[in-house]
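Chemist: According to TrEMBL, the protein carries these features:
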type     : residues         : note
BINDING  : D454, T456       : Mg(2+) binding site
BINDING  : D454, K455, T456 : ATP binding site
COMPBIAS : 9-33             : compositional bias 'Acidic residues'
DOMAIN   : 76-145           : domain 'P-type ATPase N-terminal'
DOMAIN   : 174-237          : domain 'P-type ATPase A'
TRANSMEM : 119-136          : transmembrane segment
TRANSMEM : 142-161          : transmembrane segment
TRANSMEM : 339-362          : transmembrane segment
TRANSMEM : 389-408          : transmembrane segment
Amino acid sequence: MISERDSETTFDEDSQPNDEEVPYSDDDTEDELDSRQPGVESEQAQTNRGTEERRETLRKDCSWQVKANDQHFYEQPQFKRTILLCFKKSKYAGNAIKTYKYNPITFLPLNLFEQFKRAANFYFLVLLILQAIPQISTLSWYTTLVPLLLVLGITAVKDLVDDIARHKMDNEVNNRTCEVIRDGRFKNTKWKDIKVGDIIRLKKNTFVPADILLLSSSEPNSLCYVETAELDGETNLKFKMALEVTDKYLQEESAMADFNGLIECEEPNNRLDKFTGTLFWRNTSYALDADKILLRGCKIRNTDFCHGVVIFAGADTKIMKNSGKTKFKRTKIDSLMNYMVYTIFLVLILLSAGLAIGHTYWEQQIGNSSWYLYDAEDYSPPYRGFLNFWGYIIVLNTMVPISLYVSVEVIRLGQSYFINWDLQMYYSEKDTAAKARTTTLNEQLGQIHYIFSDKTGTLTQNIMTFKKCCINGQRYGK
């Protein structure tokens, strides 16, 4: 069992005395010792104050509280946060995750907002507004509306297909099952129904559904071997070890159901290799660190089963904190096409301005003096030139290549199918084929400028293959 003194060792390291420093020597007289005593006391007082400040800082950082097997604990007012006006919500996230961009309500406005970031789409929207003004309209409004709707519709359908695939992946992950304590017994529960404070049991070769505190395992001393390839790409196994007290008392199902420990730890963050917290159980405190935490995304290896209590769930887990929010990404080709459209639009404005100036000059010289050209509108030549400037913008709209965006989208869609069908990218050992999860970033594949590598294993494969060995005179292997 770990005592209180052992649990505080981590916090008092800086306050330990340095044996190499001798406060006084045998040659010092009593007067010299008396004169030096206030200085020693002052230094000691400063050390004590520094230790107290560090402890106070630690208490402030450890503001996240988790009570095992007690869902009513999280309904207290201090665990609520205001989301809108008087509406409050628990600060503890559920374990369901979402990586999709749209839902049925936000799809249309968000997708249109994203598409009108493209210069050509925005230009044709402005053009459509101009064609609705009778004084400057030279073409029917539907001549612009139909191509614009066609372009927006094709892109929206493509984005919708991509997002539906994300929804399916999220549902697949959220509907995975694991054993959770319910009514005093372990029962199969979906990942999305797991909550902070639940006690869960994980078996070999299963993924960890949330960030959990390891309580016990089937291995001696409650060791647990995990693979962290989903987190850091490393395929070699790492081991975690539970507290000695939980390993001793939390092995049986009934003991798990009666466990009521309180965990105070740091707020959810994205630091994968750091964790600070304290477990309070049976009137004793026990220090917690990263070696006792299993993170979401890890895979249990070489361990028949293990038990743990959920500390962070869903969006609060460290892997989700590192993923950040889903952003609308644009490739270099999109940026180049926008730049091209801006250039064409500038040329279009200069050309229309030149034609408008020429029309103004023609109105002053010929238009006003020719009775057969009179249109019953007493407009001045400069005003007629201003109206015709917008008319030329409408007439010359074919200079802006709106169809270019459609062509690029069709090419990307075709490339994604070719990636999925590529037999050279098929991995037969694990029956895994290449899969294009998005059709908007295909041209960015292979565009590598720099490679930062810490060892050769990052670029190759760390696979150890058994060749031959000799045990007690008996040779094994070819």
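Including glycine, each Cβ sits where the backbone N, Cα and C put it.
I'd like to know what surrounds each of these features in this structure.
Modeler: Mean pLDDT for the domain 'P-type ATPase N-terminal' (76-145) in the predicted structure: 82.
Per DSSP, the domain 'P-type ATPase A' (174-237) is made up of 11 helix, 31 strand, 22 coil.
When Cβ-Cβ distances below 8 Å are used as the criterion, the transmembrane segment (339-362) is approached by residues 118-120, 123, 381-382, 384-386, 388-390, 392-393, 396, 399-401 of the same chain, each at least six residues removed from its ends.
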Chemist: In the domain 'P-type ATPase N-terminal' (76-145), how many residues does DSSP put in helix, strand and coil?
Modeler: 29 helix, 9 strand, 32 coil
